[in-house]
Amino acid sequence: PIPDMLCAVSLGSYLCSSAYDKNLFVAPDPVNHVSQLTAWKWMQSLCTQRQLLRYGEVLRSCNRRPVPSSSIPPSALPPLPPAAADTEGGGMASPSAATLSPLRRKDGGGGSIGESRDEEEASWRPLEPESVGIEMPESDRRIGTSGSRNQLLSGDATGGAYFSHINLIRRNKSKISSLTCFGVDMTPDNFAVAIVYFVQGVLGLARLAVSFYLKDDLNLDPAETAVVTGLSSLPWLIKPVYGFISDSFPLFGYRRRSYLFLSGLLGALSWSLMAMFVNSKYSAGLCILLGSLSVAFSDVVVDSMVVERARGESQSTSGSLQSLCWGSSAIGGIVSAYFSGSLVDKYGVRYVFGITAFLPLMTSAVAILVKEHASNATRGHNLSSTSSGFLESSKQSIFQLWAAIKQPDIFLPTLFIFLWQATPHSDSAMFFFITNKLGFTPEFLGRVKLVTSVASLVGVALYNSLLKNVPLRKIFLLTTIFGSTLGMTQVFLVTGLNRQFGISDEWFSIGDSLIITVLSQASFMPVLVLAARLCPSGVEATLFATLMSISNAGSVTGGLVGAGFTQLLGVTKDSFRNLALLIIICNLSSLLPLPLLGLLPDEKEESKTVDIEEAKLN
């Protein structure tokens with residue numbers, strides 16, 4: 001029995017080889033194709049039914065399926081040993097002992113495999129599965145009985161009926177334990193991704209506290225605040241480095257788990273320092289930078305997991321994955337939004353920083369949910385060979401990354417995304433205006449943050465339900481025009497025109513923030529979907545991080561350009577005379593990238609490509 005199991009495991013490993021790729025059977029040549037079908041027949045002969053069921057569960061967990069038997073002509077199958085030919089009942093008979101005697105019998109004697117099994121019945125029990133979802137009678141414990149063989153194989157020598165059996169198990173399981181969110185199955189991996197994005201949203205608890213700390217405790221003006229905020233965002237500009245490290249250098253044997261765990265610890269450390277030791281703009285900038293590094297690194301890790309699932313999928317499926325991510329972030333923002341203002345108002349900024357220090361530990365906790373095999377890079381005993389392997393892998397990753405980026409289909413959309421994000425904005429100047437001029441309290445700004453968090457979730461839902469099948473060019477065109485027009489309404493708030501229509505500053509600010517946030521979130525979702533679908537296999541974390549870093553670089557550039565305009569127009573923490581002009585300049589400049597919409601991929605051509613691929617699969 002032990003040699004039989006070893007033989008079955010070897011054949012099973014061969015069946016699970018690289019020829020099976022992401023739900024698609026890829027046969028490099030007919031010989032390899034036929035060899036795998038032959039291997040499956042031998043496996044039917046050597047394994048018990050429960051062993052086959054367990055193997056099927058393993059195959060299912062890898063998201064793989066066998067090639068349909070109809071795609072292989074019977075004449076292409078190589079001849080098997082005589083005793084392994086198909087029986088009249090449609091099942092596979094066991095190979096002869098003469099064929100497998102070195103594996104089965106020490107004495108090399110004759111007799112069939114079934115007879116050998118009968119002789120060893122008292123000393124051998126088949127391998128039990130953990131859970132196959134169905135209850136089998138005792139008579140079905142072995143393939144050797146004709147009843148079980150017909151039930152399992154029923155006329156399909158290539159195992160098609162067996163996998164129909166497994167599909168029945170999968171359906172039974174899905175009815176019991178299936179849980180979806182935004183149209184995505186909540187597997188442990190997807191749950192970990194959702195939690196990490198939830199943490200990113202709930203960290204907004206400290207965002208308002210940081211703004212008040214820079215303005216009130218450190219007495220910075222709007223331009224200085226914009227510069228400090230921009231420089232502390234530098235970790236988001238070098239995300240390709242984190243992707244490169246994650247793809248090429250396993251830590252403690254893992255490429256995802258370890259970095260998620262350490263990222264959470266780094267975030268907890270940075271906010272602890274903010275709560276206890278920071279007392280200058282330089283130390284504050286450093287700690288905020290460390291906090292950004294923590295979030296950026298964990299973002300790269302989970303983005304790579306999302307890209308692995310989104311690669312080659314339709315725009316709708318990719319959009320559902322991105323909706324899960326950003327919907328989780330929006331929910332986190334909703335949870336923390338109101339308290340972000342009330343806690344600052346009641347306890348002060350350092351108290352909020354102390355509470356925030358506990359939140360990144362959630363990222364460390366969910367790292368264990370990530371399903372990942374230990375990397376072979378940590379199993380060797382030769383340090384020099386490991387180092388050379390790392391260098392070779394790093395070199396290959398760099399070449400793959402460069403080969404991907406220089407392709408026009410990737411470079412041109414990335415250029416548009418950068419220019420679209422690089423338009424200036426006046427966020428810092430508006431924050432000083434509504435706090436110093438209008439007198440908005442932290443508690444009220446917490447309410448506004450709650451509204452914008454809900455609006456962000458509405459924007460995700462809007463994209464997921466109505467826009468994810470709309471061509472990208474049309475989405476960017478409409479959202480940019482509407483966003484620029486509605487952004488001009490801030491001039492009403494600055495000049496006081498809203499009060500002439502009987503609308504208070506508070507209600508106008510809430511309504512304005514609500515509409516603008518919905519549009520901005522709905523317009524940003526296509527950027528994420530496009531970036532995820534452009535990434536090829538092998539460098540998904542690095543390339544997606546590169547694309548997102550370019551987008552973040554555009555956003556930081558826009559903030560710095562906006563700070564320059566703020567300084568140029570003389571807008572300070574006490575003077576807001578030219579703030580309306582600054583708002584007009586920023587909103588008009590957001591229309592400048594529209595003539596470059598042609599850089600985005602043509603959705604018609606892309607849909608044709610997808611249809612062709614689907615036709616090939618069917």
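Quick reminder: no glycine exception, Cβ is built from N, Cα and C everywhere.
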Pick from 204-220, 238-254, 323-339: which range does TrEMBL record as transmembrane segment? 323-339
13-33, 34-54, 475-495 - the range that TrEMBL marks as transmembrane segment: 475-495
Of 183-202, 283-302, which range does TrEMBL call transmembrane segment? 283-302
Taking a Cβ cut-off under 8 Å, which residues six or more beyond the ends of the transmembrane segment (283-302) line up next to it in the same chain? 192-193, 196-197, 199-200, 203, 210, 213-214, 218, 228, 231-236, 239, 242-243, 246, 256, 259-260, 262-264, 266-267, 269-271, 273-274, 277, 325, 360, 363, 541, 544-545, 548
Against the transmembrane segment (507-531), which of these stretches has the most C-beta pairs under 8 Å: 351-370, 446-463, 475-495, 543-567? 446-463
